[in-house]
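These come from Swiss-Prot:
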COMPBIAS  1-16  compositional bias 'Basic residues'
REGION    1-69  region 'Disordered'
COMPBIAS  43-61  compositional bias 'Basic residues'
BINDING   GLY261, ILE281, LEU290  S-adenosyl-L-methionine binding site
Amino acid sequence: MPGNSRRRGAVRKSGTKKGAGVGSGGQRRRGLEGRGPTPPAHLRPHHPAAKRARAQPRRPVKRADETETVLGRNPVLECLRAGVPATALYVALGTEADERLTECVARAADSGIAIVELLRADLDRMTANHLHQGIALQVPPYNYAHPDDLLAAALDQPPALLVALDNLSDPRNLGAIVRSVAAFGGHGVLIPQRRSASVTAVAWRTSAGAAARIPVARATNLTRTLKGWADRGVRVIGLDAGGGTALDDVDGTDSLVVVVGSEGKGLSRLVRQNCDEVVSIPMAAQAESLNASVAAGVVLAAIARQRRRPREPREQTQNRMI
């Protein structure tokens with residue numbers, strides 16, 4: 001009987017799939033065994049899709065310290081009102097004027113910013129065809145201070161009060177913290193060079209001009225910089241909801257650096273280990289943790305209140321209670 005494997009001389013073929021291993025269509029199943037799934041077309045070197053992908057020009061990665069271009073009438077006007085340093089204001093020819101555009105041009109002229117009129121097509125190319133509403137503001141890279149210079153300037157006005165940001169990613173939080181540092185008598189802000197928000201036009205606007213007065217320094221290694229500051233007599237206090245020291249028990253009259261963690265993960269392990277103490281803000285039981293910039297403002301306000309009325313030595317306080 002055809003197909004009967006029990007007949008004399010019959011040989012059972014290996015494999016579970018039906019059909020010939022070699023046949024019309026060039027399947028050759030045995031040759032493909034163990035090679036895994038077929039990769040996507042753009043990853044196969046000789047496929048037309050891969051050739052097209054290689055032919056496309058690669059977009060350069062924007063560095064954080066490059067010149068920034070702010071687009072749109074409202075963002076440009078907010079930057080000019082906040083005193084964000086700028087080098088040029090670009091206005092497309094034929095753009096319909098309104099109150100915002102008129103104010104932008106007037107403020108740029110008053111601030112000595114170059115006003116450049118250009119064709120809309122040229123502005124499209126300059127902004128990579130992003131929506132610009134006929135106006136763009138060129139903002140130069142921020143001039144960061146050196147961590148050693150920042151500390152030296154703070155120690156010249158004792159007691160020093162500095163804020164370090166441990167991988168904070170939102171530039172609006174950075175700007176808000178710079179504003180709080182200026183409001184409560186701080187001397188500067190320290191940020192990591194990598195994986196951190198930088199002083200962009202967004203941070204400038206949020207700081208409401210405080211970024212022009214409060215220096216910001218960048219550290220190649222935040223943990224190492226904090227260790228160096230501690231060796232020079234500055235007490236490092238971390239800010240975390242699970243901290244073992246309540247804010248009410250912190251002596252804010254010493255030279256301090258307040259370390260604020262990132263929005264999601266808080267303080268990193270190495271930074272936390274190098275803090276002299278980790279401080280928490282007492283809150284109502286039903287309240288959740290505070291935003292990073294809000295928490296920094298609360299701590300800075302508490303420290304400023306103590307410095308306006310320095311705490312009495314503990315021995316005097318105990319004697320008065322007796």
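First residue shown is number 1, and so on along the chain.
From the backbone N, Cα and C atoms, a Cβ is placed for every residue, glycine too.
Note that this is a predicted model, so its numbers are computed, not measured.
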Find, among the binding-site residues listed as ILE281, LEU290, the one whose Cβ has the highest number of other Cβ atoms within 10 Å in the structure shown. ILE281
So if I measure Cβ to Cβ from GLY261 (S-adenosyl-L-methionine binding site) and keep only same-chain residues at least 6 apart in sequence, which ones fall under 8 Å? ASP166, ASN167, LEU168, GLY238, LEU239, ASP240, LEU267, SER268, VAL271, ALA292
Look up GLY261 (S-adenosyl-L-methionine binding site) in the DSSP assignment and report helix, strand or coil. coil
